[in-house]
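What TrEMBL says about this protein:
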- 31-145: domain 'Response regulatory' (DOMAIN)
- ASP80: 4-aspartylphosphate (MOD_RES)
Amino acid sequence: MHKGVIGRAKGDALLAEHRGQECATMAKTPVIAIVDDDEGVRASLASLVRSVGYEAQAYESGVDFLRQAQGDDPACMIADIQMPVITGDELQARLVAEGRHIPIIFMTAFPSETMRRRVMAAGAHCYLGKPSSGDEIIRCLEEALAGQTP
């Protein structure tokens, strides 16, 4: 009978340890911010991000991101360039000015070499046209996250 109690206690301890590891693993899942004024694009990107095991947080504008994302910064951001009120490159400039160095993957339906040079010089990780393949977006995302401690 005493042996059963010890066994149960050890089992409970192992279960608690396992749950702790699960929580630690879940807490380490990279969060990817998706900032785009197009609801369909946000939903598609969120689905893509989740399909490869990351957490997605969607924002309808740069202002929305700045207002809501006050705590921990995301591991990476996928952002549109052409958005009302604050454009993607303006959002990037504000984040850099605040000392928030988030790897950013820019996507735009209106690519230009001038804009590409500007955002890349300011620290963007990728600059993609819309539409882009899921494989290309995932490649940029994985490259942006490479070397970051989960």
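A Cβ is built for glycine as well, from the same backbone N, Cα and C atoms used for every other residue.
TrEMBL does not curate its annotations; it predicts them automatically.
Of all Cβ atoms in the protein chains displayed, 23 besides its own lie within 10 Å of the Cβ of ASP80 (4-aspartylphosphate). When DSSP labels each residue, the domain 'Response regulatory' (31-145) comes out as 51 helix, 24 strand, 40 coil, counted as helix, strand and coil in that order. Mean pLDDT, taken over the domain 'Response regulatory' (31-145), works out to 95 on the 0 to 100 scale.
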